[in-house]
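Asker: Structure provided below as structure tokens; questions to follow.
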Amino acid sequence: MGIKDLQKMLSEHAPSSVRTASTKDYVNKKIAVDASILLYQFITSITTADGEPLKNAAGQVTSHLIGLLARCTRMAEAGVKPIFVFDGQAFGQKSDELEKRRTLKEENQAKADEAKQAGDTEAYKKFSKRSVKVGPEQYQQAVTLLNALGIQCIVATGEAEALAVALNRAGMVDAVASSDLDCVAYASKIFVRNLATDKDIIEIQHDKALEELKMDRDQFVDFCILLGCDYVPTIPSVGPKTAFQLIQKFKNIENILADKEYKIEPDYLQKVIGAREIFTTQNKLTAEEQKKYSEQLSQKLQIDTDAAVNFLVNEMQFDENNAKSRVEKFKKAKTAPKQMTLGAFVKKVDRK
């Protein structure tokens, strides 16, 4: 879900932290990409006319690979150096939310089946998109393709966005790319939305947001929790504007609850404490992890066009000419010279 309305609130109350960027700003930059959410977007958006994800003759979904190859080509054209980060196991507190989502997906699948039998194409499209699941098979296929393209992949032990932010805060990557604003709650130094798409690229800088909001880290996390996140239900009647005003006045959620009685679940505060811990501790690498990821990211992978084509053709049943054309387009984009902005030549000073 991400943090509901966070970008809107930052644009209103901390405008210097949000800017429209250019792909040229990220030439030769290492960007940690939230892969899991990206695959879901590809499977729900690259579909047939009746809303079905694209599949090969064996019934395997291929939309995620078509989308991934196209997105990687656009990143290569822009000179971006992506590192794709995949979800591992969800944090314990999120498992409840994931179980609710699984149940909802099953309900939507049943509605999609009913709509299909009734010949209601629009209803089928709507409910089938809501029932999409991205599983280990799709993850492994994506990793296989990315490795053949010479692109780094990391599988997190927990949430992909948490590890991506940890890499950013450790200085191993320059920014985090995702559509999930949880990354900003995790305190990504630089968060990038819509990278290598047709939409405007939005960049959010966490430290500027805190400075302009006049909030410290703990207050900002509580603000994000009040806006709405995967770990804690929202408080009825507390919308974005009210949440901002309450944090400004009371500084934390405990003080807010002490001032007025709200309709909340009995374990609400316990969930808040858990969410705080996730957002403030899972964005750090241990010394062992730092060594592990530093060694992994220092390796220079090479494009293996034969391996990429063989995988697409022999394992995923792509048309051979189509596969060769797509892979060759990526290779040309990867090796073409890139135009950098003046800012890319200026060494940034890290003020701690």
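Each residue, glycine too, has its Cβ placed from N, Cα and C.
Quantities reported herein were computed from a predicted structural model and do not represent experimental measurements.
Dumping what TrEMBL says about this protein:
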type	residues	note
DOMAIN	1-108	domain 'XPG N-terminal'
DOMAIN	29-319	domain '5'-3' exonuclease'
DOMAIN	147-215	domain 'XPG-I'
Asker: Taking DSSP states H, G and I as helix and E and B as strand, how many residues of the domain 'XPG N-terminal' (1-108) are helix, strand and coil?
Answerer: 59 helix, 19 strand, 30 coil
Asker: Just give the helix, strand and coil counts over the domain 'XPG-I' (147-215), going by DSSP.
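Answerer: Taking the domain 'XPG-I' (147-215) as a whole: 24 helix, 16 strand, 29 coil.
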